[in-house]
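S.K.: Sharing the record's features from Swiss-Prot:
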type	residues	note
BINDING	E84, G86, T87, A138	S-adenosyl-L-methionine binding site
BINDING	D163, D189, N190	divalent metal cation binding site
BINDING	D163	substrate binding site
Amino acid sequence: MTATTTTTSQIFVSEDYNQDPNWYAVDNYTLSHLQPPTRPNHASLHQTLENSAKRGLEDISAFPTQAKFMALQCQLGGVKHALEVGTLGGYTAIYIASLNPDIRIVSIEIDPKSAEVAKENIAAAGYQDRIEVLVGAAIDLLPILQAKVENGEQERFGFTFIDANKDNGWDYFDYAVKMSRPRASIIVDNVVRAGKLVQEDYIKNDINVRGSRRTVENVGKDDRVDAVVLQTLSEKSYDGFLMAVVK
């Protein structure tokens, strides 16, 4: 992916799909009114993206409207404990923490450099006491975290955001459900993938598409949750996420 910058937000341009300029024009217009530079969290969020780029991280964070949507979801649910699988530079976790002053977030990141940058960004934003970054493979760390939930060392989560390798997406989702409280929400990012989710060539040859389909199909059979996939046309081009609510 390549990226360009506008006055209000970071624009993600996909090489796999032709964007309509109205998509990001609408985001720029709405963000200028609903998330203007005068907001208290604007400077720290901008600094997070800036430092992440400066330190060489990929420009693949959740786009600003999606990150704020998740922060508002946590507000709606009165969430006190959240889980994130895939920290990158900490942008989403910082956004959520900035709008939820009582929330505590556990975030898992496999890449040591990304985790280091995320910790820098989190400290710069002043949330180091509320966002914990665990470094390692989620498939290894989630069972340890689940054990802590079951023995009472860790509170159950009211919100989970999964934005990591898609081939293990279902496994991450399964662990998230096991660690969630009733009526918790779980979001799995990047499942639509510019429509590749239903394109035969990608179904056969793309491990990310196969992983996303496995997640969607298994969630559909899972009596513990109810779920929907929402397609998005926005700054990050054409994609979508799965959102589930734990019964």
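Quick reminder: no glycine exception, Cβ is built from N, Cα and C everywhere.
Could you place these features in context, so I can see how deep they sit and what lies close by?
M.R.: Secondary structure at A138 (S-adenosyl-L-methionine binding site), taken from DSSP and collapsed to helix, strand or coil, is helix.
The Cβ of D163 (divalent metal cation binding site) lies under 8 Å from the Cβ of A62, E84, V85, G86, L88, T92, D189, N190, each of which sits 6+ residues away along the same chain.
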S.K.: Would you mind pulling the longest C-alpha to C-alpha span across E84, G86, T87, A138, which the record has binding S-adenosyl-L-methionine, in angstrom?
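M.R.: Those residues reach a largest Cα separation of 11 Å.
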S.K.: So which of the binding-site residues is most packed in, judged by how many other Cβ atoms lie within 10 Å of its Cβ, out of T87, N190?
M.R.: T87
S.K.: Other residues near the divalent metal cation site, CB within 8 A of the CB centroid of D163, D189, N190?
M.R.: A62, G86, F161, I162, A164, V188, V191, F241
